[in-house]
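For reference, the structure is listed below as structure tokens.
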Amino acid sequence: MLLLKDATPHMKESHPLPQAPLPWILPSLFAAFNVVLLVVLSGLFFAFPCRWLAQNGEWAFPVITGFLFVITFFSLVSLNFSDPGILHQGSNEQGPMMVHVVWVNHRAFRLQWCQKCCFHRPPRTYHCPWCNICVEDFDHHCKWVNNCIGHRNFRFFMLLVLSLCLYSGTILVTCLTFLVRTTHLPFSMDKAIAIVVAVPAAGFLVPLFLLLLIQAMSVSAAERSYEGKCQHLQGYNPFDHGCASNWYLTICAPLGPKYMAKAVWLQRVEMPDWVPLHNPHISVCPPVLSPNPPWAWVWLPAPTSGSLQTREGSPREW
């Protein structure tokens, strides 16, 4: 997202202000290019080597690769437009000087203040500098899809990596099978397209497999990619509930309500009329949409007496 300061021009100026650079264009074009690349290479694959195998009775190859292509394309497009778990902005009523501490399985966490979103970030919530949003259970920002990977779309990310690994492997096997079956035939357009498609499939297969292995190990240990740069989880990991429970919470557990959808509903119901700001140079945070933010029932603030309240178990189980 792009932040514009003093976006409203002065009334005395007759010429328009120079437009600010749009850094979101290149990442968006790169994500669109990846979708187009998948469609183009798949079209060449199905039109040439896969067609020849189907015409010669090898129907298993187009059926399997076609099924994997549908899953890969669906997961890629869904991940591009998915909600990673965006937390809507708060207010400046509770400033950064206030201290909030929560306990997660006998481990204390001090909630960090987000200056751009104007609220204390819950544990494992991170402000993405590329998207300019705070994401719950943030893992990383994926430049291949130009979207953050967080609580609500991590399972789509795992599905995309797994389907890409299987799809690349089946394309490589199919192209090699086609080249072996046609060794007695002269060099043709089908063979050239098979080589063109097999080379990128083989090039992406190894990195994708390594990425899938790393993500599987992270899920088993209840770790996140961005936490590798932080040192607050050295030793005991309070979010680790065992390998089986970690996979269930990550892949199969209910996601809960969407925070942004609830924020839009509250804006429509409680605050239908918006009051315009007469001075655009005053930078304020948006008002509180509800006295209880959607994550307030999960993380408990510390009382003023100095003793900390405790609550055991996973935040998704509270």
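Using the three backbone atoms N, Cα and C, a Cβ is placed for every residue, glycine included.
As recorded in TrEMBL:
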TRANSMEM  21-47  transmembrane segment
TRANSMEM  59-81  transmembrane segment
DOMAIN    110-226  domain 'Palmitoyltransferase DHHC'
TRANSMEM  156-180  transmembrane segment
TRANSMEM  192-214  transmembrane segment
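Here the domain 'Palmitoyltransferase DHHC' (110-226) has, by DSSP, the following mix of helix, strand and coil residues: 62 helix, 19 strand, 36 coil.
In the predicted structure, the domain 'Palmitoyltransferase DHHC' (110-226) carries a mean pLDDT of 94.
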